[in-house]
Amino acid sequence: MNTVRVTFLLVFVLAVSLGQADKDENRMEMQEKTEQGKSYLDFAENLLLQKLEELEAKLLEEDSEESRNSRQKRCIGEGVPCDEKDPRCCSGLVCLKPTLHGIWYKSYYCYRK
């Protein structure tokens, strides 16, 4: 009976001591993994930040180009009176004195080239 108790006590002590070692190992292993995970997350975060900055730069560049060229200056369309000294006819049009039907208006009009 004593041998059974001693054996049981010995197995119990071994199990507890080995279990403690495993627990400490597990804790250290988890700390290492979390540190590696943090470094991986930092790397991923930096990579994402770089991509976002590139996209933002492209968008701002497009916005600045768009705002600079977005609206054509007001121009006069075809068949509309214009001033011969300051013609503001749209591109592809020329400010000319009318022929035939517009002679009595005594004004210049925008016509196609």
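Cβ atoms are placed via backbone N, Cα and C, with glycine included.
Not measured: the values here are computed from a predicted model.
These come from Swiss-Prot:
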type	residues	note
DISULFID	C75-C90	disulfide bond
DISULFID	C82-C95	disulfide bond
DISULFID	C89-C110	disulfide bond
REGION	61-82	region 'Disordered'
SIGNAL	1-21	signal peptide
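Taking Cα separation as the measure, C75 (disulfide bond) is nearest to C89 of the disulfide-bonded residues C82, C89, C95, C110.
By a simple count of nearby Cβ atoms, those within 10 Å, the most crowded of the disulfide-bonded residues C75, C82, C90 is C82. Using a 10 Å Cβ-Cβ cutoff, C95 (disulfide bond) registers 20 neighbours. C89 (disulfide bond) falls within a strand when secondary structure is assigned with DSSP.
Of all Cβ atoms in the protein chains displayed, 21 besides its own lie within 10 Å of the Cβ of C89 (disulfide bond).
Every protein chain considered, the tally of other Cβ atoms within 10 Å of the Cβ of C110 (disulfide bond) stands at 21. Distance noted between the C-alpha atoms of C82 (disulfide bond) and C110 (disulfide bond) is 6 Å. DSSP assigns C110 (disulfide bond) to a strand.
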